[in-house]
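Feature list (source: TrEMBL):
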- 1-24: region 'Disordered' (REGION)
- 42-64: transmembrane segment (TRANSMEM)
- 76-98: transmembrane segment (TRANSMEM)
- 119-141: transmembrane segment (TRANSMEM)
- 147-169: transmembrane segment (TRANSMEM)
- 181-203: transmembrane segment (TRANSMEM)
- 209-234: transmembrane segment (TRANSMEM)
- 280-298: transmembrane segment (TRANSMEM)
- 310-328: transmembrane segment (TRANSMEM)
- 395-414: transmembrane segment (TRANSMEM)
Amino acid sequence: MAVRRRTAAAAAGDPPPQAPPADEAAAVAPDEPVLRAPNLRVAAVAAALFLAPFSYLAFVHYSLTADLQRSILKCGAMSLVGFCVALKLIPIAARYHLRRRMFGYDINKKGLPTGQIKVPEALGLVVGIVYLVIAIIFQQFHYAPDSIWLVEYNAALTSICFMILLGFVDDVLDVPWRVKLALPTFAALPLLMAYAGGTSIIIPKPLTPYVGLTVLELGLFYKLFMLLLAVFCTNSINIHAGLNGLEVGQTVVISAAVLIHNVMRIASSTDIETQQAHEFSIYLVLPFLTISLALLAFNWYPSIVFVGDTYTYFAGMALAVIGILGHFSETLLLFFLPQVLNFLCSVPQLFHFVPCPRHRLPRFDPGAGLLTGTKDGNLVNIFLRLFGKCSERALCIRLLIFQALCCVFCFWLRHMLTGWYK
């Protein structure tokens, strides 16, 4: 029978060593995942690029009412709080996701040590929840209990909440594409049922002599258009993806364009209902932009977290709701021009006219650290085929510059067609 010997300290009568505190033990546990610090410089640069023009137009260039400026400042302050809360919660949630084995590997870094790192997925859930809380609290401080906008405001938040839930279900269950296309249909139902706005469209002036009408009432067909817009926006962001920072980056660019468009329309319009619709849009898109900037700090190359379908669905539904209730769905589609092009190029593969791989990603050369385009029909590979191989970070920046240029083109086109088209 073996005999266990006491240590010298114990034999000399010294007190036994104390166990480390629970917090300290947890801090040094070998299985505890360690995440890199977020890239706050990228978030700061993006905020300066995209929030500065809006702030200049809202508080310097245009003479907006003092009440509206105070409301924007109030919404901006709450959005800043949402940004800070998201920065704090994302690492906490990421560790929980890793413990529950909700992680993936970066395919565009396969063959490198960074390609073996477990990256937590579906972190769009965190920013989605933060956004909903900020938006719900804001209505308490801004809208009166009998405001006519409260019904649509809450319907919008319900649709967004529904889409976050369905996006997270997709991340967990990995549903097939035919089901992905149907998910936004269910999420848009609260918005469609509560929508009480106009269902008519203004006929473009060049077509008026041929149609014989200046205004066309669509009725239920207008709600069908709203449904199709929601389905398109959610899925178009979901398929224009595959690079670190691309999903969040494109929504940041579009959100900034929406903010600028709203303030320009408020200043140029004399119709009270139009002004209120664009104010409504500002209050929804401003917190969405700031929490997306927080997520971008973690998702920028090289990604610390993956956003998952939860974020792409959430972002698409939020922008669709903002455009529909702000009454600028045509302009929103122009802001989505890269997503429209990407969808059109993807149609043969999405509808299986030609073979469609699970991940339509470029090939990665671990020796050179560069991406090479494949024959897949999406903008990511088309840019590589047109402009040559490059790093993942450079490709993402090129695509985001293209997104910004398309938004600038939209503003120019609206300016050129003002007074002639409608």
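Here the Cβ of each residue, glycine as well, is placed from N, Cα and C on the backbone.
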Touch test for the transmembrane segment (181-203) and the transmembrane segment (119-141), at least 3 Cβ pairs under 8 Å:
no
For the transmembrane segment (76-98), sequence-distant contacts whose Cβ falls under 8 Å of one of its Cβ atoms, 6 or more beyond its ends:
32-33, 35, 38, 118, 120-123, 125-127, 130-131, 133-134, 137-138, 286-287, 289-291, 293-295, 297-298, 304-305
Can you see whether the transmembrane segment (209-234) and the transmembrane segment (310-328) are touching - at least 3 CB pairs under 8 angstroms, only pairs 6 or more apart in sequence?
yes
Report, as numbers and ranges, which residues of the same chain sit near the transmembrane segment (147-169): CB under 8 Å and 6 or more residues beyond its ends.
122, 124-125, 128-129, 131-132, 135-136, 139, 175, 183-184, 186-191, 193-197, 230, 234, 276, 280, 284, 308-314, 316-318, 321-322, 325
Let me spell it out: take the transmembrane segment (280-298), skip the flanking residues so only those 6+ beyond its ends count, and list any with a Cβ under 8 Å from a Cβ in it.
38-40, 42-43, 46-47, 50-51, 71-72, 75-76, 78-80, 82-84, 86-87, 90-91, 94, 123-124, 126-127, 130-131, 134-135, 138, 142, 149, 152-153, 156, 245, 248-249, 251-252, 255-256, 258-259, 262-263, 304-305, 307, 311, 315, 318-319, 321-323, 325-326, 328
